[in-house]
Structures are given as C-alpha cells and as structure tokens.
C-alpha cells in the first residue's frame, strides 16, 4: 500500500511549529499525488494551508492511532518518527505520571523532580525474576535483565547511564546498585551490599555539587563494577572515576555551590570534635560563598554530614582517617581565604602572621614561613643554575588555587582508593555488572576544556551504542532468516578521528603544551591550519580567532580556546608540593606518594579486578627518567587512555542503556518542555535508534499474535490449520506490495506504517460490526420503549377520553334544551328579518338587473357591429399585403431558381454519367418528401386547433344562455315562496311568546331548587372535612409515636450491637497483632538459629567439601531467598561414611534451653493476653455451640458411624475381658492341677499351649485386618468428598463387599464365628467345653452370616435401583440428544450446501470431542479403581497367605496320623492393651530415624492412619510417663523436635513433606492436650481415653515448644506454596485468555511481552486450579485439621490476589476493560473452587476483594462526577494510590474505548483526600496471616492402634 493513500480526509498529521516543536492537525480533504498544498485543521480550531516542500515533496508525519499513544515501548508505535516519540513521552509523563519508557534496547527516564513511591522493596520483589518485557518500564527491569543475562549467559554486563546534568543519572545508577544489593544478597556476613550502597553518600558528598540545573549534580564520571561469585552473590565492588571538575573547588558560578562536603563541614562546625578545624559559616570562606547560594532547599547539611560519617565508618575508614580527611578539607577552605598584597607589578607578599594561612599550616602540619615563601615565589631551573623568582599577585592567587585543586584531587583519589579497598573481596570474582554514571552531551554559551572532554567521551559512547543497536537488528534478521539489507546509520568515526587521531585536536594540544612559549592563540592557529577546509566537521567562527566549532553527532558546539592549555597541563609548583610532603601530619604525605607513579590523577586503582574484565598491561622496562616523563602526561592524554580502557571494558560486556531526560530547566515537577526534550532526545541517540528501526522492519508479530489480532479480517475459508500459511494468504490479499513485509521463521516483519494500515482495516471492520450491533440493539430497545409508552399512552387516553366523553355527554344534555329554544327563537327572528330584506333585495335586483341587461345588450350589439367592420377591413388589408408579398417572392424565386438551374445544369452535364448523381438526386427527393409531409402535418394540427377553439366558444355561449334562463326561473319561484312564508311568520311569533313565558317560570323554579341543594351540599362537605382532619391528626400522632418508639428501640439495639461488634473486632485485632508479632519473632529466631546451623555446617564442610554451584533461574530468584538454599544443596552429602554426626544427646541440653528460654519470655506476654483470649474463647464456644446444634440435625451417616464405633468398642472390651479370663485360666491350671498334668512336657499342657498360641496368632491377624479396614475407611472418608447422604451411608458396605469378593462363604462364617466367640459372656465355665457349646457357636455364626447376606442383598438391591435410575437418566439424555439432533438437522437443511457441510462438520467435531473427554474421565476413574483394588488385593492376599501358613504350622504330624488327646477348644481373647508403646533407651535414635528421618510421607498418607507417627510418638511418651522416667521423656521430645526440624531443613521445599509434618505436629500437640488431664481438654474424651491421661509429668512447656514448631512449619509451608504458585499466578490470572477473543493483542515493540496465547509451557487458570486441588487433596490425605486447611487456603488466595494486583499495577498493558472482564471471570472460577471444597467460610474470598475491586474499576464508567462518587464508594479495599495508579494506567485496547481524563483522576484524588490509608502502592505479597491451632481431639482409641511392619519398628512392643 502506498503511503500517500493514508493521507485521506480526517487523517491526523504532525507539522513543525517554532513554539511547540510539533503541532497536531487534521486533513480537511484527501491528498492526491501532485498536490502542493494541504488543507489542515489545527486542534485549536484554526484552518491552515500547509505548503509542501517543492524539492523533497515530503508529506507531514502521520499520527499514530489513539490506542497506540502511551505505549511502553516506542518501537511499538506504527509510525516511528520524532513527533510520535515526543508525543508518546509527553502523554506518559504528564497524563499518566510514568517516567520510564522503553525505546528498543534503551530505557528513557525522565526526571520528575519529585519523590515517587516506586522504588520500595516491594517494587524490587515484584520485578525480581520477571522478564523485561513483562513489566512496565523501570530501572529495576533493566537491572534485572542485566543480572539475569549475567547468570544465564555467563557474560559480564554493563549499564550505561547518561544524560544532561540534572537529568537524574546519579539517582538512576544508585537505584540500579540498590537493586543488585537487594536481590543478590551477600556471600558473607560482611554485608558487602550495604557497603556498596554506603559508597554513594561518600562519593556524592565529595563529588557532587549544586548547579543551576541540578541540586545534586555529579561533577565526575564513575564506573562501578559490582563483583559476583559463582552463586551470583555480591562479593565486592570497584570504582573508577573520570574527569573530576577541580575548578569548582576554587570557583562557582552564580546560584551554584562548591562540593557538598564543604557545606556539611561548615554546618557541623559546632560539634566538639570539629572545634580544632576552626570553621564557621559557609559565607566566611571564599571557596564557598562565590555562588551566593550556600543552602539547598529541603537539605540539612548537618544531617547529611552524619550520613557521610556513618557511611565512612561502614566502609572501614577509621575515625582518625575521617578526622584527617576533614582536616585537609578545612585546610583547603582556610587556604582559599589567604590574601596577597602587591609590592610591585611582579611581586607580592602575605601579611605577617596571616590568620588563614596560620590555620592552614596548623591543620596541614607544615612550616608557616616556608609555605608563606613559596606561595609568593617560584623556582626556575635552567641547564646550569636555579633561580628563585617572585611572582605577581595574580600569579600567586592562581598558584594558590592550583594548589587547592591539586590537594582536593589527591584527597578525592585517596578516598576512592580506600572505598575500593573496603569493597575489595578476597574471594575470586566470577563475573561483574558495571554501572557507568557519566555526563551527557553538554553545550553552553561558553564551552571550554571540560565540555570538550565530556563531548569526546559521548562521541565514543554513541559510536558504541550505534554499533550495538545495528548488531542487534542484524542478529534478529539473521535469526528469523529474512533478507538483510544494509541500513545506513550515522557513523561518528570521522568526528572521533578529528579529536584523537594523529595531528588531531588532542595531539596538537599536547604538542602545544610541550612548547616553551605555547599559548591558546598559537594552538588555535595550528588547528585552523591543520583542519580548516580539510575536515567537514571542523569550522571556524566568523567573528573569532580564538574559538573553533565541531559538528558532533548531536549538535554543533563552539569551543573557546582560552584556558585549554592551562587546564590540560594542570601545573602545580613543585616547591609547594614538597612543603606539603614534609608535613608532620602523617596522612598528608600519603596523598602525594603516587606522584612518581603513572596513574591518572582522576582514576582509581584497579584493585579487585579479575581477568574477566580486561588483561592487565605487561610492565615495561625503561630508563630511570621514564617515570618522571610519565608524570608529565597531560590531562587530555590521561583522559583519552582511561576512555579507551573504559571502551574496552564496555565492548567486553553486554551493554544496557539508560538515557536520562531533563524535562525542564526550572526543576518544576511533572512539567514538560518540548524544545529541551527534543534537544536531549537527539543528543542521547534515542532518535537514532528509532531511525535505524524505522529503516528496516520495526513492527514484528508472531504468527499466533497476528492471527489473534487480525482474525476479524479473515473469512472462514481463509482459516487453515497451519497458522503460518493462513497469515501469508491473508497478508497477500491485504497488502499488495510484498516489500512492505517479510515472513520470518517465527515472526512477520512489517515496514513502518503497515501496522497502522492493518489497524485501520481492523477498526473499520469492527466499527461496521459495532454499528450493526448498535443499530439492532437500539432498534430493539426503542421498539420496547415505544411499545411501553404506547401501552401507557393508550391506557391514559382511555381513561381521559372516558372522562371527557362523560363530561361532554353531560354538557350535551344540559345544553340541548337551551339549544332547542334558541333554535326556534333565532329561526323566527332571522326569518322575519330575512323576508324583509329579501323582498327589498328582489325589488332592487329586478330594477338593477333589467338596467344592466339592457346596457349589456347594447354593448354586445355595438361590439358585434364593430367586429364585422374590422373583419372586413383587416381581411382586405391582409389580402392586399399577401398579394404584393407573394408577387415579389415568386419573382425572386424565379430569378434564383433560374440561376440555380443554370448551375445545376452545368453540374448535371458533368456528372450525367456518374452513379452518385442518382444517389444524391434520390436523397434530395426523400428530403423534399419529408419536408412536404411535415408541412401537411403542421397544417392538420393548426386546423384541429382552430376547430377545437370554435367548439369551445360554442359551448361557452350555450352554457351562458342556459344559466341566464335558470336564474330567471329561480327568481320567479322565490317570489312565490316569500308570499307564502309571510303568513307563517305571524303564527310562529305568537307561539314564541307563549314559550317565553313558560321558560321564565321554569327557570325561576330551577334556581330555587339549585340554591337549596348547594347549601345542603356545602354543609355536608364541611362536616366531612372536619372529621377527616381530626382523623388525620390522630393517625399522624399515632404514627409519630410508633415511629419514635421503633426508632429509639432500633437505635438502642444498633448502638449495643455496634459497641459489641467494635469491641469484638478490637479484641480480635489486638489478639491477631499479638499473634503476628509473636510469630514474626519466632520466625526471626528460627531463621537465625538455622543460619547459625548453616554457618556451622559450612565451616565444618569448608575443608572437605567445595562449595556447590548455584544457578539462578529467570523467574524464581528474589531478594527473600530461602534460608535453606545452601543447606538443601549439601543435604545429600550427610550420608557420607567419612563424616561423623555428633550425638544427639550433646545437642539436647542446648536446644531445649533455647526453647525453654523462649517459652519463659513469651509466658508474660501470654498472661497479658489471657483476658482477651478468654473472651474470644467464650465467643468461639458460642459459635461452636450454634454449629453443633446445626450439626446435630439428623445425619444418617454420622449416626451409623457412631453406632459402628460404639459396637466396635464394645467388642474390643469384651475381647479384653476374655483375654484376662484366659490368663486367669492359665494361671489356675498351672497352680491347681497336678504337677504331672501341668508339667511342661505333659500332653494336656502341650495341647493347651498350642491352642493358646494359635488363638493368639489368629487374634493378632484378625485385629490387623480390622485396623487395615478401619484405616482404609478413614482414608477414603477424607480423600473423597461425600456427594450426598446415600453415598456416605454405603461406604462401609462397599468395603465389606470388597472383603466378600476376596473370600468365600466358609471363610466369612468362620470369621464371624470367631468374632462371636470373643463376644460370649465371661460367666461361661471354661473347664466344661462340650459339643452343645460348639453347636451354639455355629448357630450364632450362621445367624451372623445370614444377616451379612441379607445386608448384601439389600446393598445389591440399592445398587440395582441406582443402575436403573442411571439408565433412565441415560434414556432421557438420549431423548434430548435426539431432539437436539433433529433441530440441528432442520436448521442445516435451511442452510446453503457449503454452510450445511461446515455446520455438520463443526457439530460432529464438537460431539466427538465431548465423547472423547467423557471417555477419558471414565478411563481415569477406572484406572484409579483398578489401582485401588490392586492394592487391596495385595493386602488381602498377603493376609490370607499368612493365615494359611499359620494353620499349616499349627497342625503337627502327630495330629495328622492319630489324635491321642482330644484338643480343647478355648475361646479366643486378645490382650488388654493400655495404649502405650515400650522401647529401650538405646533404641531412641533408631525410633527417630525410622519414624521421622527416613519416613516417606507419600506411602504413609496412602496406606496408614492419618497422624500415625504422632500417635506412635505420643504412645511412647505415655509409656515413659507411666515409668516416671523424666530423662526419657525429655530426651524423646527433644529428639523428636530436632528430627522434625532436620527433616524440614533437608526436604523443606517438598510440599508433601512439610504438609505431612505440619499435620503430625498438630496431632502430636492435640494428643498432649487431650491426654494432659486438664478439664478443658477432657470434655470430648471417652471414659477409656480419660484413663489414658498422663499421670506424672506436666508437659505444658513442651506444648508451647511444639506450638512454636508448628508455627514455623506453617510458615515454611506458606513459603513452599508461594514458590510453587508464583510462576503460575501472573500467567494464569492475567496473561492467559480464559475467555477467548475478549482482549485483543495490541502491537508490541522490541521488548516482546509474554504471549497471552496459551503455548505448551504456559500456565493457565486450569493450572492454578489443578495445583490448588493437589494442595487440598494432599492436606486432606495427611489428616490436617479442617480449620488449619482453611487458614492455608486463605493464605494461598491472599498470595494469588496480592501478586495479581501488584503485577496489574505495574503493567500498563493489563489495565483495560477486557482484562478486567478476564480477571473477574478468573476470580469467579476461584470462588467456584471454594464452593466445591466447602471453604467459602474460610475468609479466602475476602482476600481477593482488592483484586475484584480493581477489575471492577477497569470496567466501570469513568467520566462524570457520579461515576467518581460510585468509584470512591465501591473501591473501599483499594488505597488511594492504587486507585489513581489503575486510572493512570488504564489503556484502551480498541478505538471504541476512551482514555481516562486527567480531570477525572483529579476529581477522584480530591474525593479521596480525606481517606486515611497506607501510601504504599503494592500489596505485601510476603505477608503471612497469624496462624492458630484450634484444639481438635481425636476419637481414635490408642489401644487399637497397630504398628505396620513397613515402618521397621519391630523393636517397639505394645503395652
């Protein structure tokens, strides 16, 4: 598409303007090629004719669409040019208050001259680990990108910060270093990151000063290398400085200051330690008063001095050295006050005992006389002798100033060296990130040597920048495999050659400095002779011979030659330096020790550098005089060398660019001066980046993004399965010029303007669709409105018309009588009058008409005669004239025809034989015939007209005649009628007189009746109105009294409720605050403790094990790195045989003492909170009671479970009784029987013991089976949420059915017989066992089997009914599906063939997809069922095998052959366990190891009872308590706590492990409470459980320790949750399009954002929900308390809401209407998840309220004051800063949306100014709610717990 086609009517363009640089205008008509003038309409309302340049014929720049204005990246703009860049920056800076903008690889930072809350630690955490394009532009994003690339690419990085003075370079560099210090952390305890940050205040105090442009301007350049180790943690730093502005020490311009340190010293002069400096006000010193502005508004120099000293202390600069620095600085101030008096023109002197000089000498420790002498004299050395020459006053003053500058420069270098030494690290540097804070391009009215060096440095940096940008563009094109064409870009190498090449400006300057009599003028002449007219970049001013002009990349700069040589030499008298070197003050000579070294006077040593930065130069061997020669290097030479070194360093790193812009020269906050901004944009290379990008293919889209954005421009047939081919086909149709785009491997590249054209097509298509939708909807709405109005109008009209009709009928009845009377009376009057007038009129008419008729007749007769005469005369005249004319015409015709005939005869003779003659003759004849025919026709027409006229005249005459005749007859008839009517009138007059009398009489009677009726009516109405008024007053009084009573009662109730609610809330808040404070202290204590352990382990492993490497991923690293990172890496090495662990006994006293001390410290706090806790507990008990009442409602499943548990307990108690009786029986047999019978070898004894052994084994087997079944029942109950009561009631039945599947009926009967045997009464005589008893047992067993079969039959019946119901539902669904198919078939038959095929295919695909999903779900369910059944099968098979083996072992060979002794059947009884576990003291470590350290939570959670380790540990504690072994109790509890900590430290990043031990720790804590013996915890215990309470020890202290441990585990669980969820939240909640097609993809720039299209690795909302399901199922499987699960879910939802809202506030592309809809939908899905899990009352939904309100804020109207009021009332969970930020960031995605106006945002701010909320912008995503552990007793009996063999605890025995 041609660019000129876009210049249509209403297109907006930019035109140059001298005031505003660029001004917007609108085309009034289409542009056509060849037009020389454009008709424009300016925004201020004026019309303008814009003349195009006749030479270039360039059209004005087009404006970008409104939806692109305010983009984060300037390269995302469709039109890339200067006005678009300037306007975009202005909109972001002024309207949105955004100071950062990307321009490709450059970050443009505009100084706001105002403190902004965007640099807090929460912002750092938000940017940490994020991709650069995913967040809004920020200096932190650039720093994160550098840090990430360093870790990922193993390459050093550089951040180049440049800009004018006052643009904010130093602040940007400071924030970048702060980011690295916060994110990376330190590798040691030396707090290197704090030292790196502490170097800033020191360098600012000695290197920054106030200028007219900036209050804190850096007057030197610096390059800070921040070193990192292999784990990318800060280990040190190194600083290099460039070109310190030494002249500022001795001279300041108006409204400027010297370096800050001097004013800080003067402000602190009254401090005791500074009295020896003898300082005073800054106005007392010559070096600090020249600018006339010693104070900076808002800056306290005394406080700044304290900060500087504090930073020096932190960097290891001792107090003595600090005082030495201050002495030297004070000496410089006093030196500036030294005055000279002239003796003559060539000599001067200092007054004797001059006080400033005396103070200077005292402070410097030098001899007064010697310093006084050499300040006024100098030494001249020749080849043969040395002269001492006096100097003039001016020379002495210059020498004094040079000495002051030299001392300050040396002190500056010394401080830099010491800072570098403090930041130097002994650890080897692995990589570094350099931050270059260097001056930007400068041009003033008078430019000198400093500006020349600054601009020279910027030329070098700009060259490096251009090459880097060009290289990146080339790499992008090569990677995408598109044709690469060379882009012409500005190369400033000629300018650099002009400055630094051989015979360049610097070379000639150094050469002139070596000349004995070299001056600035001679150097200028050399420049003119060498470069003028030879180099296009070098010019000479017209009116000056002491200046030169250089054409830099940014602008032309004129330099004044005066002072160049002196500043380049930087000479100081050697005698003065020698005096200072001889000082008694030790520090002063140290400053001048490096005079013999070849080191730049403004650069620091390269301490701490590694080979990664640069290769050090080899030392060269030279002559002895070489060092002196090196000392004479000029400033320009040194600066050139240091600049080359800097460029080598930058070229060896990956650069990142920050361009700082100064918006105005007056330091006004958020004020934008377009002229100044454009100057700086041109100077800093931003526009060059734009130009390079625009020259190629600046707009880039991935195929998926292009398809999603421009899907509306495609037809259905254009959409293919291959997205790439689809995009190619569509683009070929939309853009015919193939040079306007290129297809890469993954992206489509567009030239400038093409995206705008596509956007125009898309907007037109959408606008047409919107208009159609609006038309339809508006028509429908108006139709509905019209119908409603019409119905209402008809109703109103019906009633109104009815009322009017009734009124009208009444009116008609009243007036009818009067009308009749009036009719007759009027008729009589009018008729009489009429007859009189008619008679008179007839008489008059008869005479008049006769007269007129006679006159008319005479007139007609005269006219008739005249016409006859005229006819005759005119006929004669006409005939005479006709005859004469006819005669003349005939004569002329004859003559003419004769002449023509003669001519024709000649022609005929010539053409007689020609064929053409006949043709022409024929043609002539035809013409003549046609002419004659036309004449005949015309004559016929004339004839017809004449006949018609004659006919008309005859008709008129006849009609007039008839009319006169009829009038005559009518007059005769009327005369006769008048005579008859005269008689009738007389009779009518008589009748009217009679009627009048009757009427008057009737009227009088009617009037009397009406008057009487009116009086009666008025009296009645008056009486009724009085009664109504009285009634109304009474009602009002009654209502007022009732209302008053109700209001008072309501107010009293509300007041009481409010007070109660407020007191409750206050108590809850206080309690939560105390909990949070205590838990934070506990967290800090645990962190320090673990840090101590880590350091201890690290020291232990330092010698044997090298430090493991650490790789930082892109998205998980943050400043809050887990304390367990290092320990988790080395945890795998704990099992090395060579390493020996310390015995746990040694650690026990130390750890427990720490915990007990912490417990004692907390006890006092707990006592203070006791009152509040009691009140809160009472209220919680009330809530629990209400819940219990609700839960006591009939619940069938709960009742059955309780009945089963009670039944089981009764059976167990019976078994225990039988066991006791069996033991008594055995004892009785051993005591009472004869020795021969009861002897060990006796047959009866042997048989009895064999029976006893078999019964015991079988009893153990049965009990283990019962426990297995019970554990499976509990796990299934917790893992599967009950859907309805029916399912829950049949769980146990299902388990029994599983059992029945595994065994036959005989085994079932045998099992129930065994159970019944244990339930027999204890009164049986065990010595008399006979067949009757056996038969009775068999009978009872058969009864049990029958009952079991009956229950099985009932269950099968229920299952059959369920299946039948399911089949009926399936039949119904099939019917519905059939109906739907028929409807679709009918619809398809109405469609055209192509659409019918497409619709049928679409329907078939949908159906198959749904069936596929259903089958997949069924397959997953079947897989789960199969796995579950396989596990059960293995368990039962194992048990059956054991039973068979036991039975075979019990049958001895003797019993098989013969049975000499009949076996005695003894009822089986189990041992009466007390719920305790016994272990030996030496097995404690094995117990802890098997139960805690090596336990795998996954297997325990699936196969065993939830909380089994906690129960086992508590049972062990119970046994130790039973033995009253204090040491054993304490040892076990301490080992348990330490082992849990060790496990969590080793596997602390595994959610299952942390969840498992949190659940078990809480269960252990609840067991200690439940069995503590305290009444408050024994309410829910059974009598048996109360018997198991601890008897000897009070473990309240250990309960507190376990509670603290549970808090730590909970906090660790939250951190694990956060680490797992954090990568998913932004992608799933914000970026992924859950509702497809709602949010459009806007054009993006070079910083590509994360695509919203879900790729394979992209997280979606479903990913978050799946992860939440996983968390919830794991916690349920582990048996975690429901209340604790609610708290975890609340914390998870808070993390989701906080991170989502924080990213929303930091991403402008996310703040749109469509994104608000996406967020609200995602939140609704989370709420649905809460409802599914029955967690709506957990408080999790309330944590999402800020996010919900932010989404609503994106969708509501934002125009009027009513909208502002609605927003203020709606967004009560958002702070004012967050509301304003969202409104500022709101960005339309489509052209149909509107931006939020600045005035509306101001209105919001005014309305919210009284709201007291936090000024913090972001939510604290790291906040953890205080956790509580509500007491949750267990109903599980301890004596029934079995220890599985899989735990390896065979050394423990049950007691």
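Every residue, even glycine, has its Cβ placed from backbone N, Cα and C.
Across the domain 'Myosin N-terminal SH3-like' (8-60), DSSP classifies residues as 0 helix, 24 strand, 29 coil. TrEMBL lists 8-60 with the feature domain 'Myosin N-terminal SH3-like'.
The feature domain 'Myosin motor' is assigned by TrEMBL to 69-763.
For residue 164 (ATP binding site), the same-chain residues that are 6 or more apart in sequence and have a Cβ closer than 8 Å to its Cβ are 213, 440, 441, 442, 660, 662, 680, 683. Positions annotated as ATP binding site by TrEMBL: 163, 164, 165, 166, 167, 168, 169, 170.
What TrEMBL lists as region 'Disordered' is 598-631 (among others).
Marked as compositional bias 'Polar residues' by TrEMBL: 600-613 (among others).
If you look up TrEMBL, you'll see 643-665 marked as region 'Actin-binding'. Within the chain, the region 'Actin-binding' (643-665) has long-range Cβ neighbours (under 8 A, six or more residues past its boundaries) at 89, 93, 103, 105-113, 139, 142, 145-146, 149, 153, 155-169, 172, 176, 213, 223, 240, 242, 434, 436, 440, 456-457, 460-461, 464-465, 468, 613-614, 671-673, 676-677, 680-681, 684-686.
TrEMBL lists 915-1098 (among others) with the feature coiled coil.
Feature annotation from TrEMBL assigns region 'Disordered' to 1107-1148 (among others).
Marked as compositional bias 'Polar residues' by TrEMBL: 1116-1128 (among others).
According to TrEMBL, the coiled coil annotation covers 1155-1231 (among others).
For 1339-1439 (among others), the entry in TrEMBL reads coiled coil.
Taken from TrEMBL, the feature domain 'Dilute' covers 1534-1810. Regional average pLDDT for the domain 'Dilute' (1534-1810) in the model is 86.
Annotated ATP site 163, 164, 165, 166, 167, 168, 169, 170; additional same-chain residues within 8 Å of its Cβ mean position, judged by their own Cβ, are 111, 214, 217, 218, 440, 660, 662. Looking only at other Cβ atoms within 10 Å, the busiest spot among the binding-site residues 166, 168 turns out to be 168.
Listed in sequence order, 161, 162, 163, 218, 437, 438, 439, 440, 660 are the same-chain residues at least 6 apart in sequence whose CB falls under 8 Å from the CB of residue 169 (ATP binding site). With the fewest other C-beta atoms within 10 Å around its C-beta, 165 stands out among the binding-site residues 165, 170. Just so you know, the Cβ of residue 163 (ATP binding site) picks up 27 other Cβ atoms within 10 Å once every protein chain is counted.
Listed in sequence order, 109, 111, 214, 440, 660, 661, 662, 680 are the same-chain residues at least 6 apart in sequence whose CB falls under 8 Å from the CB of residue 167 (ATP binding site).
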